[in-house]
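For 5-222, the entry in TrEMBL reads domain 'Orotidine 5'-phosphate decarboxylase'. Annotated substrate binding site per TrEMBL: ASP11, LYS33, 61-70, THR116, ARG177, GLN186, 206-207, in sequence order. What TrEMBL lists as active site, for OMPdecase activity is ASP61, LYS63, ASP66. Per TrEMBL, active site, proton donor is recorded for LYS63.
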Amino acid sequence: MTHAPIAVALDAPDLETAARWADLVTPHVSTVKVGLELYLRYGPDVIASVRGASGVQVFLDLKLHDIPNTVAGAARAVGRLRPAFLTVHAAGGPAMIRAAVEAAPHTKIAAVTVLTSLSESDLAAIGMAGPAGDAVRRLAALSVEAGATALVCSPHEVAALRAEVGPDITLITPGVRPAGSDTQDQARVATPEQALADGADLLVIGRPITGSPDPGAAAAAIAATLRRTTP
Ligand SMILES: O=C(O)c1cc(=O)[nH]c(=O)n1[C@@H]1O[C@H](COP(=O)(O)O)[C@@H](O)[C@H]1O
């Protein structure tokens, strides 16, 4: 059975829970994602714990955002753990993105464009020129120019970005919710089927899977809907 192009966000309060979720979902998905909550609590050891025996691909989501020299040092430090992806904020600018790319040559640097939790009115409040689609395209173009080989955007922008950046850039979409499920703190959302049909390569899904009483079954169910979407 092929693994669905899903990165399960292991946003757990403790390592035991994260490792259990990882064990349950890895038969069904390609990737597990370690974010700030786990990494700040447990540090590098968390990567080996969630990779487990399966050797599943690990996405390290630290959303680095600092001056280029500091980001280079941070990317070098975690690049040794060989995550498949490492996130940086595209708003850190081209020199920062390039510094991360050069410091972690074995990892795909994924530039986060506009957080999926932000609405048009949030963009206005922080003084970012919108609409969101335009901001995402602007940030994506400068990220790719700076050497990023992956981009994080919402499912709303993925079709336009695919047309803009071509087939070789990995497009990653959080803000994914199965039809009828709670959007929680996400603002720009779509279903897994829609995100995939619009050109996403990897769907980041957390609580719809990990909040389920049976995360393995939830991951398998979403994976099955994606198999029906793929031509
Ligand atoms: O970089 C990310 O993964 C990310 C970027 C973004 O714009 N929005 C976003 O939700 N994420 C992450 O994707 C995951 C979404 O989780 P759920 O909302 O529970 O599906 C969380 O771990 C977020 O940190």
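Any Cβ shown, glycine's included, is placed from N, Cα and C.
Automatic prediction, not curation, is the source of TrEMBL annotations.
The structure, with features from TrEMBL marked on it.
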| residue | record | Cβ neighbours (10 Å) |
| --- | --- | --- |
| ASP11 | substrate binding site | 19 |
| ASP61 | active site, for OMPdecase activity | 26 |
| LEU62 | substrate binding site | 18 |
| LYS63 | active site, proton donor | 15 |
| HIS65 | substrate binding site | 16 |
| ASP66 | active site, for OMPdecase activity | 15 |
| PRO68 | substrate binding site | 18 |
| THR116 | substrate binding site | 25 |
| GLY206 | substrate binding site | 20 |
Return one of helix, strand or coil for PRO68 (substrate binding site), based on DSSP. helix
So if I take the binding-site residues (LEU62, HIS65, PRO68, THR116) and measure from each Cβ to the nearest atom of ligand 1, which come out below 6 Å? THR116
Grab the pLDDT values for the domain 'Orotidine 5'-phosphate decarboxylase' (5-222) and give me their mean, rounded. 96
How far is it from ASP11 (substrate binding site) to ASP66 (active site, for OMPdecase activity), counting Cα to Cα, in Å? 23
Any idea what DSSP makes of GLY206 (substrate binding site), helix, strand or coil? coil
The rounded CA-CA distance in Å from GLY206 (substrate binding site) to ASP66 (active site, for OMPdecase activity) is 26
Hey, how far is ASP66 (active site, for OMPdecase activity) from THR116 (substrate binding site), Cα to Cα, in Å? 21
